[in-house]
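The following features are taken from Swiss-Prot:
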ACT_SITE  91  active site, proton acceptor
ACT_SITE  338  active site, S-methylcysteine intermediate
BINDING   111, 115, 118  [4Fe-4S] cluster binding site
BINDING   164, 165, 196, 218, 219, 220, 295  S-adenosyl-L-methionine binding site
DISULFID  104-338  disulfide bond
DOMAIN    97-333  domain 'Radical SAM core'
């Protein structure tokens, strides 16, 4: 079987080329061709020796997921549906803003964590994505938008906030982020790569040492009682442990704060008393808040908090001194908004079957 070079960080690719009898600078050349010029044809890598190109043809490939569908929203958001084989598809989303362009990248086919308000979670779980399948999303987005080294950068930020829990696919996600950060890869700064986690505490501690990027935490609740219900991983790593891990992470993080994400669910976690409880909860953690209006999907069982409830919640946090934003709902007309990504998952957990047995809908998130 041929080796997919997209799976390699620069050190790993350098080692691979050394085993082929090639000098280290060849690895840098190939990295730039793959990631900066979006090239997956060895014959087009014209500054490589013909003998090396022949070796690569025989032993290697640059294989990205197959593009199945590209959609553009009326607000400029773009979504790509990528086939990763055996009936599984994942989604990645580009969100343009005045001062930046953010790509939301998936890390798994489905998700095993079963957050109750998330469409991806309802689809069940199949497998982790490979490093090539993760970085291939960035590769495709650049390719689709016509990005070249001579163009102005379009994707300025990457957020690991798509399908899946990134820290549950630790090795492949870290390798992909290292490629994003590498000057011979995508050249992003650590401040511009954000990993979002539901709170896998041991992996957060590993990430602090291995590849500290900006951190976002899917908090969504002001106490363990509510969080146990809507983010079940909280039963294993309760809020006290999660917040302590956030404090430890900030010792080496590129930013001096954690972003807490908080989906606003009507009558569940959106009351003024919840906001005040939240202020008390995070008092020892330098942080910002990102309030996320819930994006309904069929038979989700939840409603979106009212605009008045969101404003009142935001004001309580702001008055306590916390920078608080309310996320704009982007790409809703193409199901690209937060919590709507579902792709196509050949579920190994039977979660979808169990959900249907309870009277759910096969339309959830699709």
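Just so you know, glycine gets a Cβ as well, placed from its N, Cα and C.
Proximity note: of the listed binding-site residues (115, 118, 165, 220, 295), none has a CA within 10 Å of the CA of residue 104 (disulfide bond). Near residue 115 ([4Fe-4S] cluster binding site), with the C-alpha within 10 Å of its C-alpha, lie none of the recorded positions 91, 196, 219, 295. Least crowded of the recorded positions (104, 111, 115, 118, 219), judged by neighbouring Cβ atoms within 10 Å of its own Cβ: 115. Considering only the residues assigned to S-adenosyl-L-methionine binding, 164, 165, 196, 218, 219, 220, 295, the longest pairwise Cα distance works out to 19 Å. The DSSP secondary structure for residue 104 (disulfide bond) is strand. Neighbour density for residue 196 (S-adenosyl-L-methionine binding site): within 10 A of its CB lie 21 other CB atoms from the protein chains shown. Residue 118 ([4Fe-4S] cluster binding site) is 9 Å away from residue 295 (S-adenosyl-L-methionine binding site) when you measure Cα to Cα. Distances between the Cα of residue 219 (S-adenosyl-L-methionine binding site) and those of the recorded positions 91, 111, 118 are shortest for 118. DSSP classifies residue 218 (S-adenosyl-L-methionine binding site) as strand under the three-state reduction.
Reported as a whole number, the C-alpha separation between residue 218 (S-adenosyl-L-methionine binding site) and residue 111 ([4Fe-4S] cluster binding site) equals 14 Å.
Of all the Cβ atoms in the protein chains shown, 26 others lie within 10 Å of the Cβ of residue 91 (active site, proton acceptor). You'll find the Cα of residue 220 (S-adenosyl-L-methionine binding site) roughly 17 Å from the Cα of residue 111 ([4Fe-4S] cluster binding site). Residue 196 (S-adenosyl-L-methionine binding site) sits 13 Å from residue 111 ([4Fe-4S] cluster binding site), counting Cα to Cα.
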